[in-house]
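Accompanying notes for the structure given below.
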């Protein structure tokens with residue numbers, strides 16, 4: 001997939017052939033210059049070819065222009081220098097300050113009022129300067145202040161939208177740094193103000209308890225952000241709406257446009273297009289895996305992907321507004337001819353691509369065919385960037401696409417570097433109970449694991465080498481030079497591996513892999529007096545790696561681990577890790593929601609016969625697998641066992657746990673501050689979040705917090 005991404009980008013860059021114009025800020029001087037220029041060409045003819053070059057070559061034209069600019073002292077030194085430079089560079093004509101002074105003297109002595117000239121015809125060339133009415137000069141000036149000022153204002157308002165995101169992230173950075181560097185202060189924040197803020201803003205779901213679990217709306221799957229994320233998104237939409245509407249006004253009698261409606265449409269078209277362009281680099285940045293803001297704000301990748309989607313939606317709306325309003329502004333007579341222009345053709349391609357991106361990015365499609373979604377998403381994104389790039393190349397706004405592409409290239413380069421530095425080792429892939437793949441990967445000595453982090457893995461087989469999927473990992477309990485990934489068999493690549501392993505003796509084989517990571521970061525749990533980890537099903541690896549890492553540290557801290565599984569069979573694929581908890585300071589409780597499953601005895605006989613240690617069993621099992629013997633043959637040589645035999649250090653409970661009871665009991669037993677870290681089924685995660693929110697104002701007055709490892713972006 002990385003190669004496809006990079007090749008797509010290089011193809012795009014190689015195909016762009018445009019003369020990129022520099023961005024021009026109009027400001028007061030150029031606005032005055034353009035206003036007087038337009039008034040001159042609308043009132044008189046001095047040269048056969050109209051253009052700025054006429055002022056450089058025709059004294060009467062220059063005289064009229066200087067007369068207009070001297071009204072209200074608009075002919076500044078900086079504008080004079082600009083005019084002299086323009087004549088020299090663009091028209092190869094030398095104009096001096098004295099020439100401009102002489103032209104104004106000519107205006108004062110020889111300018112005529114065209115109303116007093118018999119038979120005056122503005123289309124016939126003249127050789128004398130003319131006078132303008134002050135009220136008319138004011139009208140042209142005000143019209144150009146609105147017209148050209150809208151371009152400048154659009155840049156400022158676009159920067160204002162970016163400033164909004166900067167403001168939000170500064171707040172997030174402050175909260176993140178306070179948690180890590182001032183944990184004592186955070187622990188003291190248990191008063192009514194801080195608890196109200198967390199209870200009603202930062203921790204809860206938007207409306208009800210569902211945040212990680214998807215919703216249905218008229219049969220459409222969709223995810224609702226957290227309440228804080230929703231507030232940020234609503235604020236973003238409000239700021240963007242304001243920045244696209246403010247100072248869009250009409251000057252009565254505007255000489256630039258015939259109708260008020262068309263005037264306002266044109267201003268809206270310009271504003272929406274420029275603001276959308278300014279948002280594109282941020283849109284790309286938030287979608288990147290190597291977004292540096294993840295480390296500074298403490299937001300995880302899923303949060304940035306949420307914001308990426310909403311920035312994309314707002315950008316799409318602005319692009320549609322820009323396209324529709326400009327189409328209306330062209331009018332029926334000009335539309336067909338104007339649409340033949342190259343920049344408009346590519347603008348249309350970019351608009352259509354953005355529309356397909358909106359439809360193609362629906363949650364149902366992402367989950368049903370993720371790899372196809374991702375490939376098409378990249379192709380459409382390239383079309384959008386390419387179309388937009390060419391569209392604005394000669395308008396002075398291509399620099400924002402330079403920034404967007406630079407961000408994209410940087411992210412891809414880092415991802416390829418991560419893959420290369422890890423190497424391409426052979427991993428042992430085993431199909432375990434509960435349809436789980438265990439992937440044991442040798443890691444380089446310099447590759448540092450991140451407890452609670454995740455990595456993207458490529459299985460380098462012809463059928464799926466281009467795909468990468470994220471999985472949390474743990475370090476091998478005894479072999480520290482390996483990492484272990486547990487992959488639940490679902491669809492796509494994991495189902496393909498499942499079928500592949502079913503054809504191998506012992507359902508195990510070696511597969512060359514590529515690993516991109518590590519990504520993510522540990523929660524701030526080490527800063528709390530008690531850390532409570534709650535995992536569900538296949539959400540245990542990341543939770544385990546983090547709590548096990550804390551247990552090995554010399555920290556006076558209470559650690560609890562809760563794991564909710566369907567049946568005893570579900571313990572098999574994580575058995576070695578559970579055994580490694582023996583003798584640790586982690587109090588572990590496992591909830592079995594279906595304790596009466598009849599499969600348990602045979603499955604435990606297969607995996608851990610009585611009296612066999614973890615390492616011995618693994619070595620013997622690998623020997624049997626290498627010889628082609630079945631797991632069942634090996635298990636038949638051992639007696640039966642019960643789960644409690646080797647796992648006497650773990651409390652087993654039947655049924656589903658009450659998240660509220662876990663939270664209340666943990667708070668009561670804690671000596672001080674308490675945090676809850678969770679990963680698992682979205683329903684369980686949402687239930688724990690709700691329980692934590694409900695207990696913020698606990699009677700003990702203890703500080704409690706909540707952190708989520710679960711990241712839902714597909």
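Placed from the backbone N, Cα and C atoms, the Cβ positions cover glycine too.
Features reported for this protein in TrEMBL:
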type	residues	note
SIGNAL	1-18	signal peptide
TRANSMEM	155-178	transmembrane segment
TRANSMEM	231-251	transmembrane segment
TRANSMEM	271-289	transmembrane segment
TRANSMEM	310-331	transmembrane segment
TRANSMEM	343-365	transmembrane segment
TRANSMEM	372-390	transmembrane segment
TRANSMEM	396-414	transmembrane segment
DOMAIN	406-525	domain 'FAD-binding FR-type'
Beyond the flanks of the transmembrane segment (271-289) by at least 6 residues, Cβ under 8 Å: 150-151, 153-155, 157-159, 161-162, 165, 240, 243-244, 248, 301, 304-305, 307-308, 311-312, 314-315, 318-319, 321-322, 325-326, 385, 388, 392, 397, 400-401, 403-404, 407-408, 410-411, 415, 456, 516, 519
Tally of DSSP helical, extended and coil residues in the domain 'FAD-binding FR-type' (406-525): 36 helix, 46 strand, 38 coil
Taken over the domain 'FAD-binding FR-type' (406-525), the model's mean pLDDT: 90
Top partner of the transmembrane segment (343-365) among 155-178, 231-251, 372-390 - counted as Cβ pairs under 8 Å: 372-390
